[in-house]
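Q: So TrEMBL lists the following for this protein:
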COMPBIAS  76-88  compositional bias 'Acidic residues'
DOMAIN    104-235  domain 'EamA'
DOMAIN    257-387  domain 'EamA'
REGION    74-96  region 'Disordered'
TRANSMEM  104-123  transmembrane segment
TRANSMEM  129-153  transmembrane segment
TRANSMEM  165-184  transmembrane segment
TRANSMEM  190-211  transmembrane segment
TRANSMEM  218-235  transmembrane segment
TRANSMEM  255-276  transmembrane segment
TRANSMEM  288-307  transmembrane segment
TRANSMEM  319-337  transmembrane segment
TRANSMEM  349-367  transmembrane segment
TRANSMEM  373-391  transmembrane segment
Amino acid sequence: MGDIRQRNGSVSNNDTDLSVVPYTADDIGVLCHKVDDGDVGEEIELRSRSEVPVDADADAEDRVCVPVCCKRNDPDRDEDEDDEEEDTGANTVQKEKKPACPGLGLLYTLIASVFFSVAALLVKKIEGIHAIEISAIRCFFQMLFVMPAMIYYNTGFLGPRDMRIYLFLRGFLGSNAMILLYYAVLQMPLADATVIVFSNPVFTSLLAWIFLKERCTIWDVVFTMFTLTGVILIARPPFLFGGELSGIEGDYTNHIKGTVAAFAGAIGAACTMVILRKIGKSVHYYLSVWYYAVLGLIECVIVLFILDEWTIPFCGWDRWTLMAIGLLGIAGQTFLTKALQIEKAGPVALMRTMDVVLAFILQFLFLNRKPTWWSLGGALCVISSTSGVAIRKWQQHKK
């Protein structure tokens, strides 16, 4: 026999994979008889020698091993035996699965951040339309696009009986968070509103500790303090920073209103995330979005008639802008959902910090507004907190 030095040599013949490996057990002896025309002849003894380390110049005869052959694609072979061999057998040929495209989930997250940031910019650019009306139009388009998908997947329109209360709360709190975000964008600088709303992951950890009994550590308290510091730096209350404040967009009263709305929107978004964790995978995603759109539309229409703020856009450009806001919101949610399906939540949360960066860039390019040092300091505190939460969750998931 020839010299076999590699552990996993293999040959292939059509549908048969043959792997040849050295047998390292003790010496094996086989007694054979030479048969000639039915007569048993002389005995022949075959004996192997276990492979031992030898010098490179030793004869090949001193290195003899018994090959072990394994036929992989035998139709009579049990599938369970195949699985066992693939898991434990080092003597078989394994076929590796191609890994998913690395970074695809992060790319989806980046695209979602771009869509959300552009939608917020369009909300800032539009004039003469109340934030609640903008929210109603977005909910209307979202409902139109989700309905065919629900019919296709046969999810139903009400959901499981024991989950309807959670779906109702998810839709109510989520739509309120959206309305408060749009109101904050109209009342204060775009980047400042985005930074405050983006602080919701920190509050999600605290609410999950309260309602879902998830573990809360000293780091969660530290991240919360950093987040509140960032919000204070952006809001700049007069009793801490004095009466004369620079970099405020419009009246300071509107700035405070926008700050309160953004902070309340962050709390609402955090409550929504806790409810989604509670629901888990027992409800289809489109059903969750359906509740969000329907309840948001009903709420917005009722409030608009109470406030008598329903207005028709002035020109065709404003109407197209409203449609674009709705479509961008749907596209952003779609890409974010796809990202969470193929990537861990920690890296996705880290990539979502691009929302803040894009808000500052779009505000400077399209609104001709430079950020103040106070806003940059607040943004740094909030980004540090949310990134810390994401990294800590990521490490816990790996452990």
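Every residue, even glycine, has its Cβ placed from backbone N, Cα and C.
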Q: Assess whether the transmembrane segment (349-367) lies in contact with the transmembrane segment (319-337), where contact requires at least three Cβ pairs under 8 Å among residues 6 or more apart in sequence.
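A: Between the transmembrane segment (319-337) and the transmembrane segment (349-367), which are separate recorded stretches, there is no contact, as judged by 3 or more close Cβ pairs.
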Q: If you average the pLDDT over the domain 'EamA' (257-387), what number do you get?
A: 84
Q: Looking only at the domain 'EamA' (104-235), how are its residues distributed among DSSP helix, strand and coil?
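A: In the domain 'EamA' (104-235), the DSSP-based counts are 110 helix, 0 strand, 22 coil.
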Q: Is the transmembrane segment (373-391) packed against any residues at least 6 beyond its ends, judged by a Cβ distance under 8 Å, and which are they?
A: 189, 191-192, 195-196, 198-199, 201-202, 205, 219-220, 222-224, 226-227, 229-234, 236, 247, 345-347, 349-350, 352-353, 356, 360
Q: What parts of the chain pack near the transmembrane segment (255-276), using Cβ distances under 8 Å and only residues at least 6 beyond its ends?
A: 166, 169-170, 173-174, 176-181, 183-188, 192-193, 196-204, 206-208, 211-212, 231, 234-235, 237, 248-249, 288
